[in-house]
Each structure stands twice: as structure tokens, then as C-alpha cells.
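**Student:** Supplied in C-alpha cells, the structure appears directly below.
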Amino acid sequence: MNKTDQNGIDGSALELNRTERAVETVLRVASMALSIAGLVIMIKNSISNDFGSLSYSNLGAFKYLVNANGVCAAYSLFSAICVTAIPCPISKLRVWALFLLDQVVTYAVLAAFTVSAETVYLAYKGNLAITWSSACDYYGVFCHKALVSVLFTFLVSVLYMSLSLISSYRLFSRFEAPKQ
């Protein structure tokens with residue numbers, strides 16, 4: 001005989017199966033690794049030449065990218081541990097918390113990617129309408145490293161979009177809507 005919760009849901013439906021747990025853990029660990037890689041590449045990204053010095057900390061978009069990747073890496077580690085190391089039945093509160101935090105991290109990383117991608121684009125192409133020239137003509141190595149960091153952040157945002165879909169599916173398929 002299966003136990004049911006107060007909402008009349010079968011208790012076995014509230015537990016994650018092995019495949020679900022493994023996929024989610026892999027996505028969270030992969031996003032953590034890519035976040036750390038993007039963060040380290042950007043933090044070490046600085047150049048000095050005849051035209052001057054340039055570091056990630058000179059550009060607000062890249063500082064935000066570093067911070068968002070740091071938060072994402074920490075949350076990914078924490079949430080991977082919660083999903084993997086705590087094999088107890090999932091409570092409504094736990095599912096809601098993962099759902100909300102996954103959404104916040106997804107949007108933060110997506111915002112970091114978009115604003116940094118625009119900055120890299122302007123560095124490569126410039127903006128002739130306002131007479132900005134391409135900075136990458138003078139700081140090529142810096143631009144290349146920034147582009148790699150932005151691409152890693154793009155991959156993290158794709159992984160977190162997938163995690164957001166998983167957590168929203170889990171929440172809305174297993175629990176009823178709140179009663180008014």
C-alpha cells in the first residue's frame with residue numbers, strides 16, 4: 001500500500017528516480033565546471049602593451065560576468081549536493097526552493113552572457129556610427145580570452161535553462177496549484 005501526502009499524491013511520485021537524479025546532477029556539475037572555467041579565464045584576463053593596460057575589472061559587464069559565474073558555481077555545487085547527497089523524498093518546499101533558485105540563477109547568468117557578449121561584439125567590431133574603433137585590433141589576446149569566457153557562460157546559461165525546465169516540470173507535474 002502506497003503512502004499518500006496531504007494533497008492525495010502517491011508518495012513514490014515525490015521521489016526522484018535514479019535517471020532523473022543522475023541527469024540533474026550531471027547538468028549541475030557541468031554548469032559548475034563551466035562557470036568556474038569562465039570565471040578563471042576572465043579573472044586572469046589582462047593585458048598591457050604600448051596602448052595601455054586593460055583588465056576585466058575595467059569593464060562593468062565583465063565584472064558582472066565574474067560575479068554571476070561565481071554565484072552560479074557556488075549554487076551549482078550546493079544544489080548538486082542537495083539533489084544527490086540527500087536521497088529523501090522531495091517536499092513541496094524543497095521543490096519550490098529549487099525551482100525559484102534555478103530561475104534566479106538562470107536569469108542572472110543569461111543577463112551576464114548577453115551584456116558581456118555585447119561588450120565583446122563592440123570590442124571586435126566597434127561602432128562606426130559613434131566613431132568607436134575596434135579595441136581588439138590593439139588588445140587581441142584580451143578579446144580572445146573574453147570571447148572564450150563569454151562562450152562558456154553561454155553554455156552555462158543553456159544548461160541552466162534545461163535545469164529550469166526540469167525543476168518547473170517537477171514542480172508543476174507533482175503538486176497541485178495552491179488553493180485560494
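Cβ atoms here come from the backbone N, Cα and C positions, even for glycine.
In TrEMBL, annotation is done automatically, which means it is predicted and not curated.
Features from TrEMBL:
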| type | residues | note |
| --- | --- | --- |
| DOMAIN | 19-158 | domain 'Casparian strip membrane protein' |
| TRANSMEM | 26-44 | transmembrane segment |
| TRANSMEM | 64-86 | transmembrane segment |
| TRANSMEM | 98-124 | transmembrane segment |
| TRANSMEM | 147-172 | transmembrane segment |
**Student:** With Cβ-Cβ distances below 8 Å as the criterion, list the same-chain residues six or more beyond the ends of the transmembrane segment (147-172) that contact it, or say none.
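**Tutor:** For the transmembrane segment (147-172), the list is 20, 23-24, 27-28, 30-31, 34-35, 37-39, 41-42, 45, 62, 65, 68-69, 72, 90, 95-96, 98-99, 102-103, 105-106, 109-110, 112-113, 116-117, 120, 124.
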**Student:** List the helix, strand and coil residue totals of the domain 'Casparian strip membrane protein' (19-158) as derived from DSSP.
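**Tutor:** Output for the domain 'Casparian strip membrane protein' (19-158) reads 113 helix, 10 strand, 17 coil.
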**Student:** Mind checking which residues reach the transmembrane segment (98-124)? Cβ under 8 Å, same chain, six or more beyond either end.
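**Tutor:** Distant Cβ neighbours of the transmembrane segment (98-124) are 35, 59, 61-62, 64-65, 67-69, 71-72, 75-76, 79, 82-83, 132, 134-136, 139, 143, 146-147, 149-150, 153-154, 156-157, 160-161, 163-164, 167-168, 170-171.
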